[in-house]
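Annotated features in TrEMBL:
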{"type": "DOMAIN", "residues": "16-210", "note": "domain 'Poly(A) polymerase nucleotidyltransferase'"}
{"type": "BINDING", "residues": "Phe95, Gly96, Ser97, Thr104, Asp109, Ile110, Asp111, Asp163, Lys224, Tyr233, Gly242, Val243", "note": "ATP binding site"}
{"type": "BINDING", "residues": "Asp109, Asp111", "note": "Mg(2+) 1 binding site"}
{"type": "DOMAIN", "residues": "215-359", "note": "domain 'Poly(A) polymerase central'"}
{"type": "TRANSMEM", "residues": "231-250", "note": "transmembrane segment"}
{"type": "DOMAIN", "residues": "362-422", "note": "domain 'Poly(A) polymerase RNA-binding'"}
{"type": "DOMAIN", "residues": "426-500", "note": "domain 'Poly(A) polymerase RNA-binding'"}
Amino acid sequence: SSSTSRQQNQPQGHYGLTSPISLAPPSDKDHIHTQKLIEAMKPFGVFEDQEELYHRTTVLGKLNNFVREWISELAESKNLPPSITEQVGGKIFTFGSYRLGVHTKGSSDIDALCVAPSHVERSDFFQSFFEKLRNQEEVKNLRAIEDAYVPVIKFEFDGIEIDLVFAKLSLPTVSDDLDLRDDSCLKSLDIRCIRSLNGSRVTDEILRLVPNLENFRLTLRAVKLWAKRRGVYSNIMGFLGGVSWAMLVARICQLYPNALASTLVNKFFLIFSKWDWPKPVLLKRLEESFLNLPVWDPRVNPSDRYHVMPIITPSYPQQNSTYNVSVSTRAVMIEEFQRGLEVTDEILKGKSDWSKLFEPLNFFQKYKHYIVLTASAFTEEHHLNWIGLVESKIRVLVGNLERNEFITIAHVQPQSFPGNEVLYKQSGYVSMWFLGLVFKKAESAVKTNVDLTHGIQSFTDTVYRQASALNILKEGMKIEATYVKRKQLHYFLPAGTLQKRKKQRVSDISQNNSGLQCKRSSLGESCSDGSKDRDSRTPSNSSSLNKISKLDISTAETERLLLISWPNSKNQVSPTEMEATVALRTSGPPIACTIPGYNTVCQLRTCFVHGQHKLSGTLITDPRSASPKQHYSPSSK
């Protein structure tokens, strides 16, 4: 309450908006470091060549003419007067990385916005325009996601991937000189059109607010490359997406308007490793408008007070671009900011080179405990729909796990991995995600049980409900979760992926969590949590994983607990130093299945017996004696 009171007594726009920290001109040494930074980035293909740039420009020109032609034809079909039909116009705007000028070599996707006059309805965009695209020889892989948070049509146009969103304005015509930065263009629009316009408006405002575009773009290329290499570039997974990274870099450019990229990268890590989160990052003061649209303001909106890492878009209506960030993902990013500061300090002192900044995170050597999340489907088409939904909700699982009182960090690796040949034969098309866990250190000699099942079960129930609501749940779609230790990861991943790299310094990430409390997902954002449950869900298991303590988590009707137990010692040894035990509990006391060493493991099974679930816990000393589990799909009876 006192915190809220202090917020309400502070003036509008007080959030961290200060004058530039430094106006010093760059030195010769700064120029040398910046040139070395550019050379270190070149092998990663962050700079596109002129041929690619020309091709994208040509494709966008064709698409713009294509849109204008469609809008004119639509006007004729709706019997508009010829005088209006000839002038209705229509225009394509770009946003995101392409509009910011930081497109990378070989990355062919472009975020684009179709702006149409008032006679064009959203249904026209997803029907007649969609059909017009379908009939074009240059268009491939066409698909529409109409129920998304920001509805979108995805396709390839002459080899260039396009994500096209739609907005109609309350104007009879759309002229070529239309400026979307004018707030009046939002008047009388529905929320979906406002969201669609927001991408272009935010991108243009960022470019307007930075003092030096060349320095901004080079710094942003470096930060994006670093974020991707370190596994913290993913809005959908609860890290930061492209627009959020762009706003952080833009803020540093405002604070150091004369600095070159090498200095800006170092100051980026300096400022944000010490930032007083959840104090928000803003590029300009919050402004009010005559339109009275809802904007981010924790003094007015109670829900905004729970955002842990707010980065606020500069265009009206201002929104938090990082609402997906959780306690765990923020802690992971803060640790990476601190590492980035240490590395860039060494580089600027001449003790290291820029290639060290871009060393990849060795995620599979970082933790001792992992959860493997597996999503599978029988056909490739079903698999694409299924993993899109599962991926969009993994941040829900992270949130569930980090609320467990014994878990300090639940760190998800944004990259997914394909299943091995055995998984493919048993479950069809398979994708896997990995979450590293950090447990709190033991505080007493009392044996502790950590229940992971409730958080995992809640997550899978959410996914199945939403799959049913979206009518994409098909036979063979399954989710499985497996708790494993680092030494067991080789059952899921090839040796090359797990190979130990040069030993990296890893600080205790749990310390960063002390005191701590979307590229847009076009499918997941549309999901409704209030949909009905699917009744019969029982997954299959892979016989190749019999040596691993297994938890099948997609059978909602069965009450059970996964318990990771460790005997605490007087020396308060962390559970990451101990062997774990796993127990399955239905009702009454748990069935103890200990894992004293390599040669004895516990297999947990779920099967159907005359339409009822039968649970068993089996102690296996020889992995080869474990029989494969029978296959079940969500629609099995």
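Glycine is no exception: its Cβ is also placed from the backbone N, Cα and C atoms.
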What counts of helix, strand and coil residues does DSSP assign across the domain 'Poly(A) polymerase RNA-binding' (362-422)?
28 helix, 17 strand, 16 coil
Taking the Cβ of Phe95 (ATP binding site) as the reference point, list residues of the same chain whose Cβ is under 8 angstroms away and which are at least six residues distant in sequence.
Asp111, Ala112, Leu113, Gly199, Ser200, Val202, Thr203, Asp204
Overall pLDDT for the domain 'Poly(A) polymerase central' (215-359), taken as the rounded mean:
95
Within the same chain, the residues at least 6 apart in sequence whose Cβ is under 8 angstroms from that of Lys224 (ATP binding site) are Val46, Ser97, Val102, Tyr233, Gly242, Trp245
Residue among the binding-site residues Asp109, Asp111 whose Cβ has the most other Cβ atoms within 10 Å:
Asp111
